[in-house]
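Participant: Okay, here's the structure, questions in a sec.
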Amino acid sequence: MSLQDELTQLRDQALGEIAATADLKALNQVRVNWLGKKGPLTEVLRGMKDLTPEERPVVGALANEVRDALTEAIATRQTNLEAAALNEKLAAETLDVTLPGRATAQGQPHVLQQIIESLEDQFLGMGYQVIEGPEVEQDKYNFEMMNLPKDHPARDMQDTFYITPEILMRTQTSPVQARTLESHDFNAGPLKMVSPGRVYRRDTDDATHSHQFHQMEGLVIDKHITMRDLKGTLLAVARNLFGEDHDIRLRPSYFPFTEPSVEVDVSWNAVTPDMNPEDIEWIEVLGAGMVHPNVLRMAGVDPEVYGGFAFGLGPDRFAMLKYGVEDIRNFYLNDVRFLTQFDQKG
Amino acid sequence: MKVSVNWLRDYLPIELPANELAEKISRTTVEIEGQYQPQANMKNIVIAKVLSVEEHPDSDHMVITQVDAGEDEPIQIVTGAPNVAEGQTVILAKHNSIVGGGQKIKKGKLRGVVSNGMLAALQELGFDDKVSPKDFEDGIWVFNDVDAADLTPGENALHVLGMDDDVLETGITPNRADLFSMNGTAWEVAAILSEEPTLPTFELTETSEKTADLISATAPAELAPKYGLRVVKNVEVKDSPLWLQRRLWTMGIRPISNVVDVTNLMLLTYGQPLHAFDLDTLPSKDITVRTAKPAEKIKTLDGVEREASAEDIVIAAGDEALMFAGVMGGESTEVTAKTTNIVLEGAIFEPKAIRHAARDQNLHSEASTRFERGVNVEDTFTALDHAAALIAEIAGGEVTEGRVVAQDFDYEAPVVKVTTAHVNHVLGTEITEAEISAIFDRLFFDYELNDGEFTVTVPARRWDITIAADLVEEIARLYGYDNLPATLPTGETTPGKLTPKQALIRATRHDLEGLGLNQAISYVLTTPEKANNFKLHDGQPIQLDYPMSQDRQQTRGSLLTGLLDDVAYNVARKQADVALYEQGRVFVSNGDASVLPTEIEHVAGVITGNVLPRTWAAGAQKADFFALKGIVERLLANYAFADDIRFVPTTERAEMHPGRTADIYVGETLIGFVGQVHPVTAKTYKVNETYAFELNVDAIFDLPKVKDGYEVVSRFPAVARDLAILVDRDVPAADLRAAIVAAGGALLHDVELFDVYTGENVADDKKSLAYALTFVDVEKTLVDEDINAAVERITAALAEKFNAEIR
C-alpha cells in the first residue's frame, strides 16, 4: 500500500473516530491519539525518508492536508460538543419564568399630593413660584386683607375654627397671597405664584364635607394682566388635569377678593369641534377673578398701576371627580388599600 | 330665591322656554340651582263642587259625597276628610289621575262603597307642610266663597293653583342681594333679554285722620337709618284671595292672613321686609327703636321666649320690647283674626346688628336675610305705602293720613367712572364705546359719555356697584364670558423654581416612597392627649376656641399621632402590614395666644406587620427596629450632612420603648428619633407592635451639607481584611465602629459589620462581631505592610478601649 493510500485510509479512520466522540474528553483523547507525537500520522510521515525526491513533496502535501483536515474536524467537533454541553447545562438551569419575582418595597405618593405636584410642576413651567404660608393664621390675612372685614356677610360662606378672635385655622390659602403681595418687590418683576396647602373649615365630616381639605390658589399681578389671560391659564390647568380635549366656560360669581368674579366649569366629556353645545356636560371645578382693587390697596400695591388675576381650586374635589372617589374622608383615613391604587404615570 | 316665571311675565315679555331662561341667567347673573314646575307629572286634577254629603254605612270617619266635576253626571267620592261639607268648592283627583309623589289614583271601593277618585289636600299635591295654609292642615283644601265664584267645576285645578308655573331657584351671591326681590330680578332679566320692565304701581287713598295722632315713633339713625309707620284702620283679617295665596306658595311662603300676606308680598316684590302690629294690643302708642336692655325677654311669633343681648335691636312700645327688629315679630302684638287696626312698619335696620341677632337667636328669617345684605333704600317707604294701599283694598281698611317717620335720608346716587380703555385693559378685549353704551342701556343705568369716559349714576337698586371694577364686571358678564379669548399672560418672564427647602421636602418624599413607605395625609386636629404625644419640641399645642368635636380640638405636636391613628384604622380593617410616612407641619404655641404658633416642617414614618410579604422565594421580612432604622439611615445618607449622624439610645421618650429607641443627632443637633412605639402607647392607639420615626425637616434643612465636589476613585485595587472581635455585650456597636475608623488611618476606606453573634462558644456577657475592612490607596498599589500596620493599630485600639479580644 502506498503512503498516499495509507494516509487516505488513516484520514478516513480518524474522521470516523472524531465524529463518534461523545464528549470533550473523548475528543481530546482522539486528538492526542491521532495528532500526537506518537500518533499514526507521525508514524506515517516517518516513512517519508524512504520516498523518492519526486514523491516526497506530493506525499508531504497530502500529509499536511490530512493533518489540517483532522485539526479542523476536531475543532468543529469541539465547537459542537461545547455547544451541546452548554445547551444541556442551560436546559438543566431552566426556571419557571412565570413565577413571581422577589418582593421589593415601593411606596406611593398620596393621590392629593400627585395632583398638587402635577399642578405645581405645570405652574413652575409657566414661571410661577410655589409659596407656602402658615396654617394657623391671623384674621387679618385670612379675611380682612382679602376684602372680608368683620361682619361681612360673605364670612358666612366659610365657617371658621377660631383660636382667638384674631387667630384662626386658615379657611383658604388666600392669606398666603396677601402676605406675598405685601412683601413682593414689583420693581424686581411681576408676581406669579401658586400657594398649595391644607385649609380648615368648621364642618361636620361626611361624604362630601371635611373639616380639613386642600386648596391651591394662584395669583398673577403685573401691569398688563387681563381676564383673557386668566381664561387661557385656567384652560391650560383644566387640560393638564382632565385632558387636552376638554374645554372650560366661565360663569359670573362672587368672591370678596375678586371683581369680576367667575366660577369655572370644565367639560366632563371631551369636546369635539362638531359637537352640539347641549351635549357638553359641565362640572364646576374652581373659582377665579380679577383681583379686587381693595386687596391690592390693602397690601400696599397701587391698583392704578398693577392688576391681575387670582384663582383657587380644590385638589380634593379634583381627585373625587377624576377618580370617582365617593367619600372625601377616604383621603384622610389612609387605608392602604385606598392609598396604593393611584398610579403615578399621569 | 324661588322665582315665579309667571310673575316675571307681569313685568316683561318672556317668550323663552324656562330652561333657556335659566341657562341665560346662570351664564349672565347667578347660578340657577333648580328649575321645576310644581305640578311635576300630576294630571287629571280638577275643580269640583260638593253636591251632597252622606254618612257611610260601614264607617264612622268616612262619608260619601257626590261632586260636580263639570261632567254630565255627579261623581261619587268617599272621603275621610273631616272638613268636607255640601256646597264647598274643592279639588278632585279623578279616576286615573296622578297626584304628588307620582301616586296614581284609581277608582275603588272604600268599605264596600265605590269611590271614583279622591278629594285632595294641598299636601297631597306635593305642597310642603311649611307652605300649606294652616287652616287646612288636617283636611282637604276648600276654596273660599269669593274665589269659588270665579271657578268652574271641571277646570284644571293645577292651573288654578298656579302649579303649571315655572319656578327658578336663584343661588344669590352676597353681592347680588338686589335679586332677593321680584323687582330686582325683573331688572336683571330685562337686561339679559334687552327688554324694559314695567314694575307694579298702586294708588293710595288716605282718610283725613292723621296717623301722627294715633302713634309716634323715635329711632336713632345708627340703628335704623330709615323708620316709618302707617296705620290702617278697620281691617277684616281673613284669608287672602287666591291670586295672592298662589303667589306666596309658589315662592315658598305660607299664606297666613290677608294682612300678613300683603307684607310678605311686598317683601317678595321690593325685597323690603315690613312688619304689621295690632295697634290695639300695643302697650303704648310711643314706638321706640333701641338696643335691648340687659336680660330683656321677648316672646317671638314662634312661641319661644328669648333673651335679647345688648347688641340686638328691639322695637319697643313704651318700656316693653315687642320684637327683634328686622328678625322676628313678637307674639303679644301679633295680627290675629280679632285684629281691626294695624300699624305697618317700613324700616332699614343696621345690617351688622341684624346679622348678630339672627345668629345669636338662630333666627334666620326672610326679613333678616334681606336686612343683613341690604335693601333698596328708595323702596322702603314705597313698599310701606303699597302695603297700606293693598291691605285697604283686600282687607277693607282705611289708611290714615301720612306716614309717621322717625328717621329718613335721601339716596345719594354714587357716581362711578370707567373708561373704554380701562375696560379693555382689564378684560383683554376690544369692546367698543357703542357696545358699552348698549350694555348700560340694557341695565337702565344713567350715564354720561365724554371722550371715552363713562360717568355712571348708579341707581339705588344696585347698591353693590361702587367702583369701576364693579362696572367692568357688569360689562363683562353682559358682553358674555364666552366672547373672551383665551391667552396666556405676556410680559416680563419670571423663573419658576422650587425653593431649596421645597426641593428638599420633595426629595424626602420621593426617597421615602422609594424605600417602601406610602404617603399618608392625616388630620392635623386631634385630641388634647394625642396633641402632646411624641413631641420633639417643648411648648403646648393650639386649642380651638369652639371645636366641632372632642376628637378634633388641638393641633398636632407630632405627625406620629395621625400616623398611628391611620395604622389603627388599617389594623381594624384586617390590614396588618402597614408602611406609611407623612410630611407636614407640627404646631408649637409660643405661650402667648395673640402670637401665631411656630409651625415646623416634619416627616415621620411607621411600619408594622411585615415590610416584605412571604413569597415562594423567601419568608416574610418582619417590621422591626432595624428595618425602620435602615430606611432612616438611607434617607439621612441622601441629605449628605457635613457632620456625622449619631443614633443615641434614649429612655426619655415616654411614648417610645425605652430599650429600643434612639435619638438621632447630626453633629450636636437633635433632628429626631427612631424606635419602637411603647407597648402601652400602642395599646392606647389600638395598634400592634409598631416602629416609628419622626424627623425635624426644618432642622435637617438648616444643617451644613457636604460641599459640591467628588472623591477620586482609586486606580489601584482595594484590599479587604476581615476582623473578628469578642467584646462585652453592652459595648455599643457605634463606639466600636468609631474606634475602628479613628485608628484605621487614611487607607481605611470602609468598615462593614457583617456578623454579630451571641450564644454557643461565646460567654454570656460577651458578643462576637465580625467586620469587613476595606483599604484603598489612591496613589499606589497597597502592600501588606501598610495594611498590617493599620489592622494592628485597630486591634490595639479595640483592645485598649474595649478590652476586645481578637479572634
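Even glycines carry a Cβ here, placed using N, Cα and C.
From a predicted model like this one, the values you see are computed outputs, not experimental measurements.
Annotations for this protein, taken from TrEMBL, read as follows:
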BINDING   B:Asp464, B:Asp470, B:Glu473, B:Glu474  Mg(2+) binding site
Participant: Taking the Cβ of B:Asp464 (Mg(2+) binding site) as centre, how many other Cβ atoms lie within 10 Å?
Facilitator: 19
Participant: Please compare the binding-site residues B:Asp470, B:Glu474 by how many other CB atoms fall within 10 Å of each one's CB, and tell me which has the fewest.
Facilitator: B:Asp470
Participant: Give me the non-local Cβ neighbours of B:Glu473 (Mg(2+) binding site): same chain, 6+ apart in sequence, Cβ-Cβ under 8 Å, ordered along the sequence.
Facilitator: none
Participant: For B:Asp464 (Mg(2+) binding site), just give me the three-state DSSP call.
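Facilitator: In the DSSP reduction, B:Asp464 (Mg(2+) binding site) maps to coil.
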